[in-house]
Amino acid sequence: MTRTTRIDTQEATKHKDLPPVPSPLSLSSNPNPECLMESKSLGRKNFKKLSLDASPVKSTSGSLRSSDMMSIKEPTSLRQKRQRPPPILHLPTASSSATSTPTSNITGSSSASSIQFAQKSPGSGVIVSQTLSRPSSAGGIPSSGYSSLNVNQSNRNVDPDNVVSTDMILNQISNLDLTSMNHHRQHYQNSHHHLPTTNRKRQTVISSISPTKSSAASSPLEPQIQSLPASSQSPIATTSALKLNNKDLLTLKQLGSGNSGSVSKILHIPTQKTMAKKIIHIDSKSVIQTQIIRELRILHECHSPYIIEFYGACLNNNNTIVICMEYCNCGSLDKILPLCENKQFPTFVLKKLSFAILSGLTYLYTTHKIIHRDIKPNNVLMTHKGEFKLCDFGVSRELTNSLAMADTFVGTSMYMSPERIQGLDYGVKSDVWSTGLMLIELASGVPVWSEDDNNNDDDEDDEDDAYVRQGSIAAERNGQNSPSRSRKNKQKGNGYNSYNGPEGILDLLQRIVNEDAPTLTNKINPVTKLPYDKYLCQFIDLCLIKDDSVRKTPWQLLEDKEHFFKGVEEGVYDKEHKSWAKKIRKCKV
(Lines of atoms letter the chains of each structure in order from A and count residues from 1; the text may use other names and numbers.)
(Lines give C-alpha, C1' and ligand atoms only; values in the text may rest on other atoms or scores of the structure.)
Protein backbone atom coordinates (compact mmCIF):
# COMPACT_ATOMS: atom_id res chain seq x y z
CA MET A 1 0.00 0.00 0.00
CA THR A 2 2.81 2.44 0.85
CA ARG A 3 4.58 1.69 -2.40
CA THR A 4 1.47 2.30 -4.45
CA THR A 5 0.91 5.67 -2.83
CA ARG A 6 4.49 6.65 -3.48
CA ILE A 7 4.18 5.76 -7.19
CA ASP A 8 1.00 7.84 -7.53
CA THR A 9 2.70 10.80 -5.93
CA GLN A 10 5.62 10.55 -8.33
CA GLU A 11 3.29 10.40 -11.31
CA ALA A 12 1.47 13.49 -10.07
CA THR A 13 4.69 15.49 -9.76
CA LYS A 14 5.35 15.03 -13.47
CA HIS A 15 2.30 17.23 -14.19
CA LYS A 16 3.04 20.39 -12.29
CA ASP A 17 -0.10 22.12 -13.59
CA LEU A 18 -2.37 19.71 -11.73
CA PRO A 19 -2.53 19.25 -7.99
CA PRO A 20 -1.54 15.90 -6.61
CA VAL A 21 -4.13 13.17 -6.49
CA PRO A 22 -5.49 12.88 -2.99
CA SER A 23 -4.71 9.69 -1.24
CA PRO A 24 -7.24 7.66 0.73
CA LEU A 25 -5.43 8.61 3.90
CA SER A 26 -6.00 12.28 3.28
CA LEU A 27 -9.70 11.71 2.59
CA SER A 28 -10.19 9.77 5.76
CA SER A 29 -8.46 12.45 7.78
CA ASN A 30 -10.70 15.23 6.37
CA PRO A 31 -14.30 14.07 6.18
CA ASN A 32 -15.69 17.58 5.49
CA PRO A 33 -17.97 17.50 2.37
CA GLU A 34 -16.60 20.78 1.05
CA CYS A 35 -13.09 19.45 1.24
CA LEU A 36 -14.29 16.28 -0.38
CA MET A 37 -15.76 18.21 -3.35
CA GLU A 38 -12.64 20.32 -3.63
CA SER A 39 -10.44 17.30 -3.68
CA LYS A 40 -12.55 15.55 -6.30
CA SER A 41 -12.53 18.63 -8.53
CA LEU A 42 -8.76 18.61 -8.37
CA GLY A 43 -8.80 22.25 -7.36
CA ARG A 44 -9.71 23.54 -10.80
CA LYS A 45 -10.55 27.24 -10.85
CA ASN A 46 -13.28 26.98 -13.54
CA PHE A 47 -15.22 24.38 -11.59
CA LYS A 48 -18.50 25.78 -10.26
CA LYS A 49 -18.52 25.51 -6.53
CA LEU A 50 -21.57 23.73 -5.22
CA SER A 51 -23.32 25.17 -2.24
CA LEU A 52 -24.87 22.69 0.11
CA ASP A 53 -26.59 25.32 2.23
CA ALA A 54 -29.99 24.77 0.52
CA SER A 55 -29.76 21.04 0.90
CA PRO A 56 -31.83 19.11 3.41
CA VAL A 57 -30.86 19.20 7.07
CA LYS A 58 -27.46 17.84 7.83
CA SER A 59 -26.76 15.38 10.51
CA THR A 60 -24.68 16.30 13.50
CA SER A 61 -21.77 14.46 12.03
CA GLY A 62 -21.88 16.68 8.92
CA SER A 63 -22.86 13.95 6.44
CA LEU A 64 -26.11 13.85 4.39
CA ARG A 65 -28.83 11.43 5.31
CA SER A 66 -30.37 9.19 2.65
CA SER A 67 -33.90 10.08 3.81
CA ASP A 68 -33.18 13.76 3.16
CA MET A 69 -31.99 13.02 -0.37
CA MET A 70 -35.32 11.35 -1.17
CA SER A 71 -37.24 14.46 -0.09
CA ILE A 72 -35.71 16.61 -2.86
CA LYS A 73 -38.56 16.90 -5.46
CA GLU A 74 -39.47 19.12 -8.35
CA PRO A 75 -41.35 22.38 -7.75
CA THR A 76 -45.04 22.17 -6.93
CA SER A 77 -46.08 24.31 -9.92
CA LEU A 78 -44.58 21.83 -12.39
CA ARG A 79 -46.25 18.90 -10.68
CA GLN A 80 -49.64 20.61 -10.75
CA LYS A 81 -49.22 21.58 -14.39
CA ARG A 82 -48.56 17.98 -15.34
CA GLN A 83 -51.45 16.66 -13.27
CA ARG A 84 -54.02 19.22 -14.51
CA PRO A 85 -56.92 17.41 -16.21
CA PRO A 86 -58.00 18.41 -19.73
CA PRO A 87 -60.71 21.08 -19.92
CA ILE A 88 -64.31 19.93 -20.07
CA LEU A 89 -67.13 21.97 -21.57
CA HIS A 90 -70.58 20.76 -20.57
CA LEU A 91 -73.23 22.08 -22.93
CA PRO A 92 -76.83 20.90 -23.13
CA THR A 93 -77.83 19.29 -26.38
CA ALA A 94 -80.74 20.51 -28.49
CA SER A 95 -83.06 17.81 -27.21
CA SER A 96 -81.81 17.70 -23.64
CA SER A 97 -84.47 20.06 -22.36
CA ALA A 98 -87.31 17.94 -23.73
CA THR A 99 -86.39 14.29 -24.03
CA SER A 100 -82.99 13.44 -22.60
CA THR A 101 -81.29 14.12 -19.29
CA PRO A 102 -79.60 17.51 -19.42
CA THR A 103 -75.83 17.58 -19.17
CA SER A 104 -75.80 20.91 -17.41
CA ASN A 105 -76.45 21.36 -13.70
CA ILE A 106 -79.60 23.28 -12.86
CA THR A 107 -78.94 25.86 -10.20
CA GLY A 108 -81.88 27.41 -8.45
CA SER A 109 -80.41 28.66 -5.19
CA SER A 110 -78.66 31.72 -6.53
CA SER A 111 -80.39 35.07 -6.26
CA ALA A 112 -79.23 36.16 -9.70
CA SER A 113 -78.89 34.37 -12.99
CA SER A 114 -75.38 32.98 -13.16
CA ILE A 115 -73.13 30.78 -15.16
CA GLN A 116 -70.42 28.89 -13.30
CA PHE A 117 -66.94 28.45 -14.66
CA ALA A 118 -64.65 25.86 -13.03
CA GLN A 119 -60.98 26.71 -12.76
CA LYS A 120 -58.01 25.39 -10.83
CA SER A 121 -56.17 27.45 -8.31
CA PRO A 122 -52.60 28.03 -9.48
CA GLY A 123 -51.20 27.13 -6.09
CA SER A 124 -53.06 23.94 -5.37
CA GLY A 125 -55.05 21.25 -7.02
CA VAL A 126 -58.39 22.49 -5.66
CA ILE A 127 -60.99 23.45 -8.25
CA VAL A 128 -62.41 26.88 -7.62
CA SER A 129 -65.92 27.72 -8.84
CA GLN A 130 -66.10 31.12 -10.45
CA THR A 131 -69.48 32.70 -11.17
CA LEU A 132 -70.42 35.26 -13.79
CA SER A 133 -73.66 36.92 -12.77
CA ARG A 134 -76.31 38.68 -14.76
CA PRO A 135 -78.27 41.53 -13.19
CA SER A 136 -81.60 40.21 -12.09
CA SER A 137 -84.80 42.11 -11.50
CA ALA A 138 -85.37 43.81 -8.21
CA GLY A 139 -86.53 41.63 -5.39
CA GLY A 140 -83.92 38.91 -5.71
CA ILE A 141 -86.02 36.53 -7.74
CA PRO A 142 -84.30 33.18 -7.95
CA SER A 143 -83.36 31.92 -11.36
CA SER A 144 -83.54 28.46 -12.79
CA GLY A 145 -82.71 26.68 -15.96
CA TYR A 146 -79.17 27.99 -16.28
CA SER A 147 -76.25 25.88 -17.39
CA SER A 148 -73.03 25.25 -15.48
CA LEU A 149 -70.14 25.50 -17.89
CA ASN A 150 -66.61 24.21 -17.25
CA VAL A 151 -64.57 26.32 -19.63
CA ASN A 152 -60.90 25.70 -18.95
CA GLN A 153 -60.38 26.51 -22.59
CA SER A 154 -57.39 24.94 -24.29
CA ASN A 155 -57.35 24.33 -28.01
CA ARG A 156 -54.88 21.51 -27.58
CA ASN A 157 -57.33 19.32 -25.67
CA VAL A 158 -60.52 20.07 -27.62
CA ASP A 159 -61.83 17.32 -29.82
CA PRO A 160 -61.91 18.74 -33.38
CA ASP A 161 -64.99 16.64 -34.18
CA ASN A 162 -66.88 18.16 -31.29
CA VAL A 163 -65.79 21.79 -31.37
CA VAL A 164 -68.30 24.23 -29.93
CA SER A 165 -68.04 27.73 -31.34
CA THR A 166 -68.50 30.96 -29.46
CA ASP A 167 -71.71 31.64 -31.36
CA MET A 168 -73.16 28.37 -30.11
CA ILE A 169 -72.25 29.26 -26.53
CA LEU A 170 -73.94 32.64 -26.92
CA ASN A 171 -76.99 30.97 -28.40
CA GLN A 172 -77.10 28.55 -25.47
CA ILE A 173 -76.90 31.49 -23.10
CA SER A 174 -79.52 33.57 -24.90
CA ASN A 175 -81.99 30.76 -25.61
CA LEU A 176 -82.86 30.15 -21.99
CA ASP A 177 -86.05 28.60 -20.76
CA LEU A 178 -88.05 31.80 -20.43
CA THR A 179 -91.24 29.94 -19.62
CA SER A 180 -89.66 28.27 -16.62
CA MET A 181 -88.11 31.57 -15.55
CA ASN A 182 -91.43 33.39 -15.71
CA HIS A 183 -93.11 30.60 -13.74
CA HIS A 184 -90.53 30.78 -10.93
CA ARG A 185 -90.61 34.56 -10.98
CA GLN A 186 -94.40 34.63 -10.64
CA HIS A 187 -94.30 32.03 -7.87
CA TYR A 188 -91.64 33.99 -6.01
CA GLN A 189 -93.56 37.27 -6.32
CA ASN A 190 -96.71 35.64 -4.98
CA SER A 191 -94.83 34.33 -1.97
CA HIS A 192 -92.88 37.58 -1.43
CA HIS A 193 -95.47 40.14 -2.39
CA HIS A 194 -94.05 42.64 0.05
CA LEU A 195 -90.83 42.98 -1.94
CA PRO A 196 -90.68 45.82 -4.51
CA THR A 197 -90.68 44.65 -8.10
CA THR A 198 -89.59 46.34 -11.28
CA ASN A 199 -91.04 45.42 -14.66
CA ARG A 200 -88.28 44.89 -17.19
CA LYS A 201 -89.00 44.79 -20.91
CA ARG A 202 -87.13 42.29 -22.96
CA GLN A 203 -85.49 43.96 -25.94
CA THR A 204 -85.79 42.11 -29.24
CA VAL A 205 -84.21 42.80 -32.59
CA ILE A 206 -86.72 42.75 -35.41
CA SER A 207 -85.46 42.17 -38.93
CA SER A 208 -87.30 43.14 -42.07
CA ILE A 209 -88.33 39.52 -42.54
CA SER A 210 -89.22 37.22 -39.70
CA PRO A 211 -87.01 34.11 -39.58
CA THR A 212 -89.56 32.08 -37.68
CA LYS A 213 -91.42 29.26 -39.31
CA SER A 214 -95.10 29.49 -40.00
CA SER A 215 -97.40 27.53 -37.74
CA ALA A 216 -100.55 25.76 -38.69
CA ALA A 217 -102.61 27.90 -36.34
CA SER A 218 -101.80 31.21 -38.02
CA SER A 219 -102.51 31.93 -41.66
CA PRO A 220 -99.47 32.91 -43.76
CA LEU A 221 -101.53 35.62 -45.41
CA GLU A 222 -101.97 37.36 -42.05
CA PRO A 223 -98.50 37.49 -40.48
CA GLN A 224 -97.73 39.37 -37.31
CA ILE A 225 -96.26 42.62 -38.62
CA GLN A 226 -93.74 44.43 -36.46
CA SER A 227 -92.96 48.10 -36.83
CA LEU A 228 -90.00 48.79 -39.08
CA PRO A 229 -86.97 50.48 -37.52
CA ALA A 230 -86.67 54.16 -38.19
CA SER A 231 -83.45 54.15 -40.17
CA SER A 232 -82.29 55.00 -43.63
CA GLN A 233 -82.17 51.30 -44.49
CA SER A 234 -84.28 48.49 -43.14
CA PRO A 235 -82.14 45.55 -42.00
CA ILE A 236 -81.72 42.57 -44.26
CA ALA A 237 -83.58 39.48 -43.17
CA THR A 238 -81.62 36.77 -41.44
CA THR A 239 -82.03 33.05 -41.06
CA SER A 240 -80.83 30.78 -38.30
CA ALA A 241 -77.58 30.02 -40.14
CA LEU A 242 -77.02 33.11 -42.27
CA LYS A 243 -76.89 36.81 -41.57
CA LEU A 244 -76.81 39.34 -44.38
CA ASN A 245 -75.49 42.88 -44.47
CA ASN A 246 -74.87 45.10 -47.45
CA LYS A 247 -71.23 45.55 -46.50
CA ASP A 248 -70.71 41.76 -46.71
CA LEU A 249 -72.06 41.48 -50.28
CA LEU A 250 -69.44 41.58 -53.04
CA THR A 251 -70.76 42.04 -56.59
CA LEU A 252 -69.17 39.58 -59.02
CA LYS A 253 -70.96 40.40 -62.27
CA GLN A 254 -74.18 41.77 -63.70
CA LEU A 255 -76.70 39.18 -64.86
CA GLY A 256 -79.28 41.52 -66.36
CA SER A 257 -80.83 44.95 -66.11
CA GLY A 258 -83.92 46.84 -67.15
CA ASN A 259 -85.60 50.19 -66.83
CA SER A 260 -86.66 49.59 -63.24
CA GLY A 261 -84.34 46.94 -61.87
CA SER A 262 -81.21 44.84 -62.20
CA VAL A 263 -79.94 41.41 -61.22
CA SER A 264 -76.34 40.67 -60.27
CA LYS A 265 -74.27 37.75 -59.03
CA ILE A 266 -72.82 38.43 -55.59
CA LEU A 267 -70.67 36.74 -52.99
CA HIS A 268 -71.50 36.67 -49.30
CA ILE A 269 -68.01 37.20 -47.88
CA PRO A 270 -68.43 35.69 -44.37
CA THR A 271 -69.82 32.38 -45.67
CA GLN A 272 -68.33 32.45 -49.20
CA LYS A 273 -71.83 31.69 -50.51
CA THR A 274 -72.80 32.76 -54.02
CA MET A 275 -76.15 34.51 -54.30
CA ALA A 276 -78.25 36.49 -56.74
CA LYS A 277 -79.13 40.05 -55.79
CA LYS A 278 -82.10 41.76 -57.38
CA ILE A 279 -82.55 45.52 -57.06
CA ILE A 280 -86.06 46.78 -57.80
CA HIS A 281 -87.38 50.32 -57.81
CA ILE A 282 -90.73 50.64 -56.06
CA ASP A 283 -93.30 53.30 -55.38
CA SER A 284 -92.36 55.81 -52.70
CA LYS A 285 -95.73 55.40 -50.97
CA SER A 286 -95.25 54.03 -47.49
CA VAL A 287 -98.38 51.87 -47.78
CA ILE A 288 -97.00 49.99 -50.76
CA GLN A 289 -93.58 49.63 -49.15
CA THR A 290 -95.15 48.20 -46.00
CA GLN A 291 -97.18 45.76 -48.08
CA ILE A 292 -94.09 44.60 -49.95
CA ILE A 293 -92.17 44.07 -46.72
CA ARG A 294 -95.11 42.04 -45.38
CA GLU A 295 -95.09 39.84 -48.47
CA LEU A 296 -91.33 39.35 -48.34
CA ARG A 297 -91.75 37.99 -44.83
CA ILE A 298 -94.12 35.38 -46.16
CA LEU A 299 -91.82 34.50 -49.05
CA HIS A 300 -89.06 33.90 -46.53
CA GLU A 301 -91.08 31.02 -45.09
CA CYS A 302 -91.40 29.17 -48.41
CA HIS A 303 -89.17 26.09 -48.44
CA SER A 304 -89.47 23.69 -51.37
CA PRO A 305 -87.04 22.09 -53.83
CA TYR A 306 -89.11 23.62 -56.63
CA ILE A 307 -89.00 27.17 -55.23
CA ILE A 308 -86.01 29.48 -55.34
CA GLU A 309 -84.58 29.92 -51.85
CA PHE A 310 -85.10 33.39 -50.42
CA TYR A 311 -82.30 34.64 -48.16
CA GLY A 312 -83.48 38.14 -47.27
CA ALA A 313 -84.21 41.67 -48.42
CA CYS A 314 -83.83 45.25 -47.34
CA LEU A 315 -85.57 48.50 -48.19
CA ASN A 316 -83.16 51.31 -49.07
CA ASN A 317 -83.82 54.99 -48.59
CA ASN A 318 -83.80 55.59 -52.37
CA ASN A 319 -87.06 53.67 -52.89
CA THR A 320 -85.37 50.44 -53.95
CA ILE A 321 -85.65 46.92 -52.60
CA VAL A 322 -82.60 44.66 -52.49
CA ILE A 323 -83.58 40.98 -52.60
CA CYS A 324 -81.02 38.23 -52.01
CA MET A 325 -81.95 34.80 -53.31
CA GLU A 326 -80.49 31.50 -54.42
CA TYR A 327 -78.19 31.65 -57.44
CA CYS A 328 -78.87 29.20 -60.29
CA ASN A 329 -75.82 29.07 -62.52
CA CYS A 330 -77.66 27.97 -65.68
CA GLY A 331 -79.98 30.97 -65.66
CA SER A 332 -83.59 31.29 -66.76
CA LEU A 333 -85.30 29.27 -69.47
CA ASP A 334 -85.36 32.13 -71.97
CA LYS A 335 -81.54 32.19 -71.80
CA ILE A 336 -81.28 28.39 -72.02
CA LEU A 337 -83.55 28.02 -75.08
CA PRO A 338 -81.03 29.43 -77.62
CA LEU A 339 -78.40 27.01 -76.27
CA CYS A 340 -80.50 23.91 -76.90
CA GLU A 341 -80.11 21.70 -79.93
CA ASN A 342 -82.41 22.99 -82.69
CA LYS A 343 -83.35 25.74 -80.19
CA GLN A 344 -85.99 23.42 -78.74
CA PHE A 345 -86.33 21.62 -75.42
CA PRO A 346 -86.33 17.80 -75.62
CA THR A 347 -89.52 16.03 -74.58
CA PHE A 348 -87.97 14.37 -71.51
CA VAL A 349 -86.82 17.79 -70.29
CA LEU A 350 -90.32 19.19 -70.77
CA LYS A 351 -91.67 16.36 -68.61
CA LYS A 352 -89.26 17.15 -65.78
CA LEU A 353 -89.96 20.86 -66.17
CA SER A 354 -93.74 20.46 -66.10
CA PHE A 355 -93.57 18.24 -63.03
CA ALA A 356 -91.38 20.78 -61.20
CA ILE A 357 -93.60 23.76 -62.07
CA LEU A 358 -96.83 22.04 -61.08
CA SER A 359 -95.25 20.78 -57.85
CA GLY A 360 -94.06 24.28 -57.01
CA LEU A 361 -97.47 25.81 -57.74
CA THR A 362 -99.13 23.13 -55.61
CA TYR A 363 -96.82 23.88 -52.68
CA LEU A 364 -97.32 27.64 -52.89
CA TYR A 365 -101.09 27.41 -52.98
CA THR A 366 -101.79 24.54 -50.59
CA THR A 367 -99.24 25.62 -47.97
CA HIS A 368 -99.21 29.41 -48.19
CA LYS A 369 -102.25 30.26 -50.37
CA ILE A 370 -99.95 32.03 -52.82
CA ILE A 371 -100.63 32.41 -56.55
CA HIS A 372 -97.57 33.01 -58.70
CA ARG A 373 -99.33 35.26 -61.25
CA ASP A 374 -96.32 35.54 -63.55
CA ILE A 375 -95.35 32.15 -64.98
CA LYS A 376 -93.08 32.63 -68.01
CA PRO A 377 -89.61 31.44 -69.15
CA ASN A 378 -87.92 34.40 -67.45
CA ASN A 379 -89.19 33.32 -64.02
CA VAL A 380 -88.11 29.66 -64.14
CA LEU A 381 -84.45 29.02 -63.32
CA MET A 382 -82.30 25.91 -63.69
CA THR A 383 -79.22 24.72 -61.80
CA HIS A 384 -76.30 22.77 -63.24
CA LYS A 385 -77.91 19.61 -61.81
CA GLY A 386 -81.03 20.14 -63.91
CA GLU A 387 -83.23 21.34 -61.04
CA PHE A 388 -86.00 23.74 -62.09
CA LYS A 389 -87.11 26.40 -59.61
CA LEU A 390 -89.78 29.09 -59.63
CA CYS A 391 -88.86 32.65 -58.76
CA ASP A 392 -90.43 36.13 -58.67
CA PHE A 393 -93.77 35.18 -57.15
CA GLY A 394 -95.80 37.50 -54.97
CA VAL A 395 -98.77 37.62 -52.67
CA SER A 396 -100.41 40.79 -53.97
CA ARG A 397 -100.45 42.89 -57.10
CA GLU A 398 -98.09 45.46 -55.62
CA LEU A 399 -95.23 43.00 -55.29
CA THR A 400 -96.00 41.21 -58.55
CA ASN A 401 -96.02 44.45 -60.50
CA SER A 402 -92.82 45.63 -58.81
CA LEU A 403 -90.99 42.39 -59.59
CA ALA A 404 -92.15 42.50 -63.20
CA MET A 405 -91.17 46.13 -63.81
CA ALA A 406 -87.90 45.10 -65.48
CA ASP A 407 -89.92 43.45 -68.25
CA THR A 408 -92.44 45.07 -70.55
CA PHE A 409 -96.13 44.78 -69.92
CA VAL A 410 -96.53 42.94 -73.21
CA GLY A 411 -94.05 40.27 -72.17
CA THR A 412 -96.06 39.56 -69.04
CA SER A 413 -99.47 39.87 -70.72
CA MET A 414 -98.54 37.29 -73.37
CA TYR A 415 -98.88 34.57 -70.74
CA MET A 416 -101.98 35.96 -69.01
CA SER A 417 -105.09 33.84 -68.86
CA PRO A 418 -108.31 35.01 -70.54
CA GLU A 419 -110.17 35.41 -67.22
CA ARG A 420 -107.41 37.62 -65.87
CA ILE A 421 -107.40 39.86 -68.95
CA GLN A 422 -111.18 40.22 -68.72
CA GLY A 423 -110.93 41.32 -65.09
CA LEU A 424 -112.72 38.28 -63.71
CA ASP A 425 -111.86 36.42 -60.54
CA TYR A 426 -108.91 34.13 -61.09
CA GLY A 427 -106.93 31.67 -59.03
CA VAL A 428 -104.17 29.11 -59.31
CA LYS A 429 -105.68 27.83 -62.57
CA SER A 430 -104.46 31.03 -64.17
CA ASP A 431 -100.89 29.82 -63.58
CA VAL A 432 -101.79 26.54 -65.29
CA TRP A 433 -102.75 28.48 -68.43
CA SER A 434 -99.41 30.30 -68.39
CA THR A 435 -97.59 26.98 -68.00
CA GLY A 436 -99.25 25.60 -71.13
CA LEU A 437 -98.26 28.62 -73.21
CA MET A 438 -94.68 28.37 -71.99
CA LEU A 439 -94.47 24.68 -72.91
CA ILE A 440 -95.54 25.46 -76.48
CA GLU A 441 -92.81 28.07 -76.79
CA LEU A 442 -90.10 25.76 -75.39
CA ALA A 443 -91.19 22.75 -77.48
CA SER A 444 -91.42 24.60 -80.80
CA GLY A 445 -88.85 27.34 -80.23
CA VAL A 446 -91.37 29.94 -81.39
CA PRO A 447 -93.37 32.34 -79.17
CA VAL A 448 -97.01 31.39 -78.99
CA TRP A 449 -98.75 34.38 -80.54
CA SER A 450 -96.31 34.84 -83.43
CA GLU A 451 -98.28 32.90 -86.04
CA ASP A 452 -101.06 34.43 -88.09
CA ASP A 453 -104.55 32.97 -87.95
CA ASN A 454 -104.75 32.69 -91.69
CA ASN A 455 -101.60 30.51 -91.71
CA ASN A 456 -100.34 32.20 -94.86
CA ASP A 457 -97.35 30.34 -96.27
CA ASP A 458 -95.90 33.23 -98.23
CA ASP A 459 -92.23 34.08 -98.06
CA GLU A 460 -92.82 36.98 -95.70
CA ASP A 461 -94.36 34.69 -93.09
CA ASP A 462 -91.48 32.24 -93.36
CA GLU A 463 -88.98 35.05 -93.04
CA ASP A 464 -90.69 36.42 -89.93
CA ASP A 465 -90.83 32.97 -88.31
CA ALA A 466 -87.14 32.43 -89.02
CA TYR A 467 -86.27 35.69 -87.28
CA VAL A 468 -88.35 34.68 -84.28
CA ARG A 469 -86.66 31.27 -84.01
CA GLN A 470 -83.24 32.85 -84.15
CA GLY A 471 -84.18 35.42 -81.50
CA SER A 472 -82.99 38.34 -83.63
CA ILE A 473 -84.62 41.67 -84.36
CA ALA A 474 -87.13 41.53 -87.21
CA ALA A 475 -86.02 42.81 -90.58
CA GLU A 476 -87.14 46.27 -91.50
CA ARG A 477 -89.88 46.37 -94.08
CA ASN A 478 -89.92 48.80 -96.99
CA GLY A 479 -93.05 50.90 -97.07
CA GLN A 480 -96.16 50.70 -94.89
CA ASN A 481 -97.27 47.41 -93.43
CA SER A 482 -100.95 46.56 -93.63
CA PRO A 483 -102.91 46.56 -90.34
CA SER A 484 -103.30 42.80 -90.59
CA ARG A 485 -99.50 42.44 -90.70
CA SER A 486 -98.70 44.90 -87.90
CA ARG A 487 -98.81 42.19 -85.27
CA LYS A 488 -96.17 40.20 -87.18
CA ASN A 489 -93.39 42.65 -86.30
CA LYS A 490 -91.00 41.01 -83.86
CA GLN A 491 -88.35 42.26 -81.48
CA LYS A 492 -85.65 40.36 -79.69
CA GLY A 493 -86.63 41.80 -76.32
CA ASN A 494 -86.38 39.26 -73.52
CA GLY A 495 -86.80 36.16 -75.68
CA TYR A 496 -90.39 36.73 -76.82
CA ASN A 497 -92.07 38.84 -79.48
CA SER A 498 -93.63 42.16 -78.55
CA TYR A 499 -96.31 44.17 -80.25
CA ASN A 500 -95.38 47.74 -81.10
CA GLY A 501 -97.60 50.50 -79.78
CA PRO A 502 -100.95 50.50 -77.96
CA GLU A 503 -102.75 49.07 -80.98
CA GLY A 504 -100.49 46.05 -80.93
CA ILE A 505 -101.10 45.50 -77.21
CA LEU A 506 -104.86 45.67 -77.64
CA ASP A 507 -104.62 43.33 -80.62
CA LEU A 508 -102.71 40.82 -78.49
CA LEU A 509 -105.21 40.94 -75.63
CA GLN A 510 -108.13 40.54 -78.02
CA ARG A 511 -106.51 37.50 -79.60
CA ILE A 512 -106.02 35.84 -76.21
CA VAL A 513 -109.65 36.37 -75.24
CA ASN A 514 -111.42 35.80 -78.54
CA GLU A 515 -109.36 33.26 -80.45
CA ASP A 516 -109.10 29.55 -79.88
CA ALA A 517 -106.44 28.33 -77.49
CA PRO A 518 -103.07 27.51 -79.06
CA THR A 519 -102.20 23.84 -79.52
CA LEU A 520 -99.54 21.52 -80.91
CA THR A 521 -101.95 18.74 -81.77
CA ASN A 522 -101.77 17.60 -85.40
CA LYS A 523 -98.83 19.93 -86.04
CA ILE A 524 -95.42 19.09 -87.45
CA ASN A 525 -92.20 20.17 -85.83
CA PRO A 526 -90.61 22.56 -88.37
CA VAL A 527 -87.09 21.40 -87.42
CA THR A 528 -87.42 17.63 -87.11
CA LYS A 529 -90.30 17.38 -89.62
CA LEU A 530 -91.99 14.99 -87.20
CA PRO A 531 -95.20 15.35 -85.18
CA TYR A 532 -94.92 16.40 -81.57
CA ASP A 533 -95.20 13.88 -78.75
CA LYS A 534 -98.80 12.74 -78.34
CA TYR A 535 -98.85 12.93 -74.54
CA LEU A 536 -97.18 16.34 -74.60
CA CYS A 537 -99.91 17.67 -76.88
CA GLN A 538 -102.63 16.22 -74.64
CA PHE A 539 -101.07 17.76 -71.53
CA ILE A 540 -100.79 21.20 -73.17
CA ASP A 541 -104.43 21.01 -74.29
CA LEU A 542 -105.49 20.33 -70.68
CA CYS A 543 -103.57 23.39 -69.52
CA LEU A 544 -105.03 25.66 -72.22
CA ILE A 545 -108.75 25.12 -71.67
CA LYS A 546 -110.23 28.61 -71.90
CA ASP A 547 -113.04 27.93 -69.45
CA ASP A 548 -111.32 28.10 -66.07
CA SER A 549 -114.17 26.20 -64.42
CA VAL A 550 -113.25 23.17 -66.55
CA ARG A 551 -109.49 23.69 -66.45
CA LYS A 552 -107.68 21.46 -63.94
CA THR A 553 -105.63 22.56 -60.96
CA PRO A 554 -101.89 21.79 -60.67
CA TRP A 555 -102.42 18.92 -58.21
CA GLN A 556 -105.10 17.41 -60.44
CA LEU A 557 -102.72 17.42 -63.40
CA LEU A 558 -100.04 15.73 -61.30
CA GLU A 559 -102.37 12.78 -60.68
CA ASP A 560 -101.92 11.60 -64.27
CA LYS A 561 -99.12 9.06 -63.75
CA GLU A 562 -99.86 6.88 -66.78
CA HIS A 563 -99.36 9.27 -69.67
CA PHE A 564 -97.26 12.43 -69.70
CA PHE A 565 -95.71 12.03 -66.23
CA LYS A 566 -95.12 8.29 -66.47
CA GLY A 567 -91.68 7.45 -65.06
CA VAL A 568 -90.85 11.00 -63.93
CA GLU A 569 -91.09 10.34 -60.20
CA GLU A 570 -89.37 6.98 -60.60
CA GLY A 571 -86.31 8.70 -62.08
CA VAL A 572 -86.51 7.11 -65.53
CA TYR A 573 -85.25 10.30 -67.21
CA ASP A 574 -82.83 11.45 -64.51
CA LYS A 575 -79.61 10.24 -66.15
CA GLU A 576 -80.51 11.64 -69.55
CA HIS A 577 -81.74 14.88 -68.03
CA LYS A 578 -78.57 15.47 -65.99
CA SER A 579 -76.44 14.87 -69.07
CA TRP A 580 -78.46 17.46 -70.96
CA ALA A 581 -78.13 19.97 -68.11
CA LYS A 582 -74.37 19.42 -68.04
CA LYS A 583 -74.14 20.32 -71.72
CA ILE A 584 -76.15 23.48 -71.12
CA ARG A 585 -73.81 24.44 -68.30
CA LYS A 586 -70.77 24.03 -70.55
CA CYS A 587 -72.40 26.23 -73.19
CA LYS A 588 -73.05 28.91 -70.56
CA VAL A 589 -69.39 28.98 -69.58
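Cβ atoms are placed via backbone N, Cα and C, with glycine included.
Features of the protein shown, as given by Swiss-Prot:
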| type | residues | note |
| --- | --- | --- |
| COMPBIAS | 1-18 | compositional bias 'Basic and acidic residues' |
| REGION | 1-162 | region 'Disordered' |
| COMPBIAS | 24-33 | compositional bias 'Low complexity' |
| COMPBIAS | 57-69 | compositional bias 'Polar residues' |
| COMPBIAS | 92-121 | compositional bias 'Low complexity' |
| COMPBIAS | 127-136 | compositional bias 'Polar residues' |
| COMPBIAS | 144-162 | compositional bias 'Polar residues' |
| COMPBIAS | 185-203 | compositional bias 'Basic residues' |
| REGION | 185-232 | region 'Disordered' |
| COMPBIAS | 206-220 | compositional bias 'Low complexity' |
| DOMAIN | 249-565 | domain 'Protein kinase' |
| BINDING | LEU255, GLY256, SER257, GLY258, ASN259, SER260, GLY261, SER262, VAL263, LYS278 | ATP binding site |
| ACT_SITE | ASP374 | active site, proton acceptor |
| MOD_RES | SER402 | phosphoserine |
| MOD_RES | THR408 | phosphothreonine |
| REGION | 473-499 | region 'Disordered' |
Whole-number Å distance between the CA of the residue listed as 'active site, proton acceptor' and the CA of GLY261 (ATP binding site)? 17
Among the recorded positions LEU255, SER257, GLY261, ASP374, which residue has the fewest other Cβ atoms within 10 Å of its own Cβ? SER257
So, three-state DSSP: helix, strand or coil for GLY261 (ATP binding site)? strand
Under a three-state DSSP reduction, the secondary structure at LEU255 (ATP binding site) is strand
Which value does the mean pLDDT take for the domain 'Protein kinase' (249-565) in this predicted structure? 79
